[in-house]
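The following features are taken from Swiss-Prot:
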- K19, K21, K72, K75, R79, K80: heparin binding site (BINDING)
- K80: SUMO2 cross-link (CROSSLNK)
- 12-69: domain 'PWWP' (DOMAIN)
- K44: N6-acetyllysine (MOD_RES)
- S132: phosphoserine (MOD_RES)
- S133: phosphoserine (MOD_RES)
- S165: phosphoserine (MOD_RES)
- T184: phosphothreonine (MOD_RES)
- S199: phosphoserine (MOD_RES)
- T200: phosphothreonine (MOD_RES)
- S202: phosphoserine (MOD_RES)
- S206: phosphoserine (MOD_RES)
- S239: phosphoserine (MOD_RES)
- 69-240: region 'Disordered' (REGION)
- 155-170: motif 'Bipartite nuclear localization signal' (MOTIF)
Amino acid sequence: MSRSNRQKEYKCGDLVFAKMKGYPHWPARIDEMPEAAVKSTANKYQVFFFGTHETAFLGPKDLFPYEESKEKFGKPNKRKGFSEGLWEIENNPTVKASGYQSSQKKSCVEEPEPEPEAAEGDGDKKGNAEGSSDEEGKLVIDEPAKEKNEKGALKRRAGDLLEDSPKRPKEAENPEGEEKEAATLEVERPLPMEVEKNSTPSEPGSGRGPPQEEEEEEDEEEEATKEDAEAPGIRDHESL
C-alpha cells in the first residue's frame, strides 16, 4: 500500500486523509497541484482540511486516498474539528468557503516576502511620524522653555520689588522715629527752665538755684562771722 501511495498522483478535488506531525490522519481535499514543470516526490500539494478549514502543503507520502483509508483513519476522535471534518467530507465535500479560503491562504503562504516590505513601509511611515512628532515635541518643548524663562524673569522682578519694599518702609520709619525722639527731647528740655523761672532765690532749702549763688552766700556768711568776732576786741580797746 505504501508503494501505491508513493506512486499515486492526485488532482484538484481529490479527497484524502492528510497526516501532519502532532495530528491524526485528517480528512482533507487536494486544492492545488504542484508545478507541472518539476515532477518529483519533493513537490507538495496544497491540502484543505475539513472541519478546521485550514490549509497546508504536504507531500504524497503524507496523503492517503479517502475511500481506501476511510475504515482505517475514519474512526471518531476527540480532537476539535475532527468529527465535523468527517461530516463535511461525506455531506459537503465541495464546501464553498473552502475554495476562497484556500486561495486566500495560498496567497498568504506563497507571498510572505512582501510583508516585510510592508512592514518596512510602515516603519518608514512610523519613522516619519516619529520625526514629525519629534519636531512637534521640540516645538512644544521650546514654547514651555520660553514661558518658563519669562515666568522666571517675572518672578525675579517681583522678588526684587518685594525685597526693596520692606527696606523702604524701614527707611521711611527711621526719619519719623528720629523726628519723634527730637520732639520729645525738645518738649522735655524747657521744663527745668520754666521751673527755675517760677522758683525764687530767697526760698531756703529749695536746692533749685544755681550752685554759684549758694557758694557766694556761704562766703558772705563767713565774712560776717569774722567781722563779728573782731568787733568785740576793738570795742574793748576803745573802752580802755
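Even glycines carry a Cβ here, placed using N, Cα and C.
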Coarse DSSP state, helix versus strand versus coil, of K72 (heparin binding site):
helix
Just the number: how many Å between the Cα atoms of K21 (heparin binding site) and K44 (N6-acetyllysine)?
15
Over the motif 'Bipartite nuclear localization signal' (155-170), work out the mean pLDDT and round it to an integer.
58
Are there any residues at least 6 positions away along the chain from K80 (heparin binding site) with a Cβ closer than 8 Å to its Cβ? List them or say none.
T52
Would you mind reading off the Cα separation of K44 (N6-acetyllysine) from K75 (heparin binding site), to the nearest angstrom?
26
Express in Å, rounded to the nearest integer, the largest CA to CA distance found among the heparin-binding residues K19, K21, K72, K75, R79, K80 named in the record.
19
Quick check on the binding-site residues K19, K21, K72, K75, R79: which one has the highest count of other Cβ atoms within 10 Å of its Cβ?
K19
